[in-house]
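Positions annotated as domain 'Lactate/malate dehydrogenase N-terminal' by TrEMBL: 3-150. Per TrEMBL, the feature NAD(+) binding site maps to G9, A10, A11, G12, Q13, I14, G15, D40, N103, V127, A128, N129. As annotated by TrEMBL, substrate binding site applies to R90, R96, N129, R160. Residues annotated as domain 'Lactate/malate dehydrogenase C-terminal' in TrEMBL: 154-322. Annotated active site, proton acceptor per TrEMBL: H185, in sequence order.
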Amino acid sequence: MAVRVLVTGAAGQIGYALVPMIARGAMLGPNQPVILHMLDIPPAAGALNGVKMELIDAAFPLLKGVVATTDVVEACSGVNIAIMVGGFPRKEGMERKDVMSKNVSIYKAQASALEQHAAPDCKVLVVANPANTNALILKEFAPSIPAKNITCLTRLDHNRALGQISERLNVQVSDVKNVIIWGNHSSTQYPDVNHATVITKDGEKPVRELIADDKWLNGEFITTVQQRGAAIIKARKLSSALSAASSACDHIHDWVLGTPKGTWVSMGVYSDGAYDIQPGLIYSFPVTCENGEWSIVQGLKIDEFSRGKMNATANELAEEKSLAYSCLA
Ligand SMILES: NC(=O)c1ccc[n+]([C@@H]2O[C@H](COP(=O)([O-])OP(=O)(O)OC[C@H]3O[C@@H](n4cnc5c(N)ncnc54)[C@H](O)[C@@H]3O)[C@@H](O)[C@H]2O)c1
Ligand SMILES: O=C(O)C[C@H](O)C(=O)O
């Protein structure tokens, strides 16, 4: 049976990169038919229809239908997966929370449409910034959607961290695993390599041992990953799109189909107090996925340096939460 996948903001630049990936099977596998639901706002209706025309023209064998609409109820009806990209991107010189007032109100409004019209077990991924706080607002205004079904994208940061390690060691990115992004999809996020390894011909080796440069790992590596979104905006004059779309596919792919044995990924999920992170935030944790459910990797040793950084990004999320509520008041 076809899976119905909603992409909001589908006429935008991430949407344009993402919908063909979904239609080709990159998200749900090469044997899973899909029906795409694409939502955008009325001024973008013409462009949205153009994306629909291109999807038809591409003759994707897995694509069993396309709904292109500016009606949020029609867009949300019966969807099994919702990828929430709709909103405004930041421009050069802005922090992601600077788009807060414009974007959180969208998430409050769309929460009830999802709650009332999506399939009851719908899995939600929020991409639009500030991603963690938009996801939290969506969760709070859709109380009947189980909290475990609402997540935000930090897989892009996770993949960026893998990419930086692979470049530095000159190894295949697919041989690097188990980095962690803790916290907010913002410049306070903490990319942690303390448990990361590389598969070598002599077995799995710790990244710290192979790189043997703690100054780089505790300094430039962290700031490069934290600032990568800003670096892309500076270079492209537009925010990341192909890497964001590809990482969104990775996020849903692994959530639905599972993570490989011995490997974890980073997802922004509702905190249950794990690692002493206050409940009530959408915070990025290391997770494994099985049978369509994620679970936080437990019991990792946290040193003092990591603790400070994990708390700092949690504090920023708590501040964003109050700011979001003041924007909605
Ligand atoms: N979490 C991440 O890793 C990550 C990565 C890249 C970008 N982003 C964020 O994703 C969002 C989209 O980025 P983009 O580059 O595609 O932006 P874009 O401006 O190209 O596209 C956004 C689309 O959303 C639409 N939109 C606006 N309000 C809407 C609403 N109420 N309902 C439905 N659609 C609506 C716009 O018309 C536009 O077509 C931004 O907030 C950006 O900052 C997040
Ligand atoms: O940085 C941005 O504003 C876009 C996105 O969140 C990114 O990380 O590339």
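In case you wondered, yes, glycine gets a Cβ from its N, Cα and C as well.
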Least buried by Cβ count (within 10 Å) of the recorded positions R90, R96, R160, H185: R90
Neighbourhood of ligand 2 - binding-site residues from Q13, G15, R90, R96, N129 with Cβ under 6 Å: R90, R96, N129
CB within-chain contacts under 8 A for Q13 (NAD(+) binding site), separation at least 6: L238, S239, A241
Around the Cβ of G15 (NAD(+) binding site), the count of other Cβ atoms that are within 10 Å: 25
Cβ neighbours of A128 (NAD(+) binding site) where a neighbour is any other Cβ within 10 Å: 27
For G9 (NAD(+) binding site), the one of R90, R96, N129, R160, H185 that lies nearest, given that the recorded positions are compared by Cα: N129
Cβ contacts of N129 (substrate binding site) (under 8 Å, same chain, 6 or more positions away): G87, P89, R90, R96, K97, V99, N103, H185
Cα distance (Å, whole number) from R160 (substrate binding site) to A128 (NAD(+) binding site): 18
Cα distance (Å, whole number) from A11 (NAD(+) binding site) to R160 (substrate binding site): 25
